[in-house]
């Protein structure tokens with residue numbers, strides 16, 4: 001935990017801000033602001049990243065992903081007083097700034113607006129930008145939360161404005177904290193209200209594949225990647241088939257990679273791959289590091305559009321699939337099933353993923369799933385058995401032929 005001590009803010013006393021990078025939890029950012037009595041008055045932890053589409057000097061367009069917050073500072077974040085409302089201010093990278101403003105009413109407080117500023121004069125991030133200077137996008141949010149409640153939104157939320165897309169997930173925030181004690185009572189965003197919280201898996205063993213109905217057509221295999229300032233940081237290749245039951249109706253969706261958009265982010269101990277299409281609102285794969293030397297699929301969040309116009313959503317952050325050593329990839333060519341809940345499963349085909357330590361944009365040596373390993377073991381065994389059987393047949397034929405030859409000689 002790295003703590004930053006900022007200058008005193010009038011009316012709020014000393015401000016203490018803490019950034020957690022690579023903690024055991026998957027949160028990329030966590031901090032609190034204290035008032036003059038050293039009591040917590042504003043608390044937040046969340047994950048986020050940004051994509052920015054800009055015009056180049058060649059009159060083409062490029063998109064960059066911003067997900068590195070290792071240089072973050074928090075000058076200007078305040079608890080608020082009679083003259084000023086609370087706000088979170090984060091500065092990072094070369095000229096990036098992100099601000100969240102809060103307001104208060106009689107019995108509620110609101111996440112009023114979010115502003116994001118970036119500098120296209122930065123030659124590293126925008127080396128060929130046509131227009132140079134600082135640009136700002138502002139989005140009105142208007143989330144209203146009961147006072148003394150923690151706002152929680154684990155689901156992926158997006159804001160899109162003027163070529164900038166902001167992605168937020170695993171959000172926990174409380175402004176106007178009462179008596180310095182962060183509330184344990186949560187107020188959920190709409191997406192989380194429609195999501196199903198799955199009972200944690202207590203077994204440490206990897207779940208065994210389950211049987212699910214499959215359509216006649218196998219899903220097309222798609223290739224996905226996530227980039228950060230250091231290049232490609234996540235690779236995934238897989239065919240995906242969603243199987244879910246809603247109101248006793250079983251539905252199957254094959255993900256078409258040609259019509260699927262994807263984004264994500266990479267942190268030291270967590271990584272996200274998020275897919276969306278016309279019929280899939282979002283499909284998030286969240287990876288995590290365990291025991292300092294292995295990675296695994298920890299969480300899946302999904303929301304799909306149904307034929308009747310409603311939305312089916314499920315979330316599970318207690319998974320344990322696709323386990324492999326850091327510095328390698330995980331591969332399973334045979335069909336596998338990720339059981340997110342009793343009502344939702346994902347069938348994967350020709351799977352290969354590497355969410356950490358990608359070198360030169362290529363997969364590292366793969367650790368194969370047990371199904372592939374069993375197949376690789378059975379093939380030489382089957383070949384050996386077949387050869388042994390063939391030798392026995394040849395030997396028996398030889399003995400029969402030799403016996404007939406002796407019989408013929410005696411008759412002569």
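Residue numbers in this text run from 1 along the chain shown.
From the backbone N, Cα and C atoms, a Cβ is placed for every residue, glycine too.
Record features (TrEMBL):
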- 1-28: signal peptide (SIGNAL)
- 30-177: domain 'Lysosome-associated membrane glycoprotein 2-like luminal' (DOMAIN)
- 153-189: disulfide bond (DISULFID)
- 201-223: region 'Disordered' (REGION)
- 202-214: compositional bias 'Low complexity' (COMPBIAS)
- 219-358: domain 'Lysosome-associated membrane glycoprotein 2-like luminal' (DOMAIN)
- 332-369: disulfide bond (DISULFID)
- 377-400: transmembrane segment (TRANSMEM)
- 379-410: domain 'Lysosome-associated membrane glycoprotein 2-like transmembrane' (DOMAIN)
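With DSSP classes pooled into helix, strand and coil, the tally for the domain 'Lysosome-associated membrane glycoprotein 2-like luminal' (219-358) is 3 helix, 98 strand, 39 coil. When DSSP labels each residue, the domain 'Lysosome-associated membrane glycoprotein 2-like luminal' (30-177) comes out as 0 helix, 92 strand, 56 coil, counted as helix, strand and coil in that order. In this structure, the CA atom of residue 153 (disulfide bond) is 32 Å away from the CA atom of residue 332 (disulfide bond). In the shown protein chains, 23 other C-beta atoms lie within 10 A of the C-beta of residue 369 (disulfide bond). When the Cα atoms are compared, residue 189 (disulfide bond) and residue 332 (disulfide bond) turn out to be 36 Å apart.
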